[in-house]
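J.: What Swiss-Prot records for this protein is below:
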- 29-49: transmembrane segment (TRANSMEM)
- 61-81: transmembrane segment (TRANSMEM)
- 90-110: transmembrane segment (TRANSMEM)
- Gly97, Thr100: Na(+) binding site (BINDING)
- 118-138: transmembrane segment (TRANSMEM)
Amino acid sequence: MHRQFLSSRCQNLFFKFKLLLFEVNQMQYVYIFIGGALGALLRYLISFLNTDGGFPIGTLIANLTGAFVMGLLTALTIAFFSNHPTLKKAITTGFLGALTTFSTFQLELIHMFDHQQFITLLLYAVTSYVFGILLCYVGIKLGGGLS
């Protein structure tokens, strides 16, 4: 009985994956890929602002910029992207997904902890979270005013 349940779940997941991969607008994948490549390139260039052992300003800038733009685009979606969902996915999932980097942020916090840089760790974490939420909110409000 348990084996039959798992088999039907696997078939259901496979069907959903097949549906996503082959029956969705396939150009969407190309746009997300291009957006992701551009976001990753910008993220790489911004990372040069980081210094060894110093405050990771490049990661902070990338993440806060991404939070603001994501908020802005959330509000502008209705006005400007309703007829262009593929472009919205290219910008949000592709570009902003590659630009912002939660995993690097976490790794930098662990690095600070390992090097007993507790003040810097606290400052970085609080700044990232508080200003990330604030900038996302400002982006939503600004975008709402523009649409």
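Each residue, glycine too, has its Cβ placed from N, Cα and C.
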J.: Is the transmembrane segment (61-81) packed against any residues at least 6 beyond its ends, judged by a Cβ distance under 8 Å, and which are they?
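T.: The answer is 42-43, 46-47, 49, 87-88, 91-92, 96, 99-102, 105, 128, 131-133, 135-144, 146-147.
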J.: By a Cβ-Cβ criterion of under 8 Å, what residues six or more beyond either terminus of the transmembrane segment (29-49) are in contact with it?
T.: 57-59, 61-62, 86-87, 89-91, 93-101
J.: Tell me, if you would, which residue among Gly97, Thr100 (binding-site residues) has the fewest other CB atoms within 10 Å in the structure shown?
T.: Gly97
